Amino acid sequence: SFIGEESVAAGEGSILTDNPTWIIDPIDGTTNFVHRFPFVAVSIGFVVNKKIEFGIVYSCIEDKMYTARKGKGAFCNGQKIQVSGQEDITKSLLVTELGSNRDPETIKIILSNMERLLSIPIHG
């Protein structure tokens, strides 16, 4: 099976089944792309039985290829990567994205989440 982000965004329905399925977003960061903000990627995932098997993200502007496979780890341009061991959020940098949905209920939830995050004494 195949699920394309752009076709879903255009209103086509999609249902994730147990079938082997490719999930592709050819312009991940469409808003960034439209505004020439250099954080755009091609994202591809492969799912079997509704569980991710592997994923590939190519950051076009940075020329970085991120890959990950279930049980095998994650890599950037072939070099192993991992999350930091930092467990104290007050020593962390927090990054968030607001999304593009402007539905009033969604905005209320986003702002509530942002308020909770801003009350944490993080680095930035």
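Each residue, glycine too, has its Cβ placed from N, Cα and C.
Curation plays no part in TrEMBL annotations; they are all automatic predictions.
Feature annotations, courtesy of TrEMBL:
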BINDING   E5, D25, I27, D28  Mg(2+) binding site
Protein Cβ atoms within 10 Å of E5 (Mg(2+) binding site), excluding its own: 16
Surrounding CB atoms that lie within 10 Å of the CB of I27 (Mg(2+) binding site), all protein chains: 16
Neighbour count (Cβ, 10 Å) for D28 (Mg(2+) binding site): 19
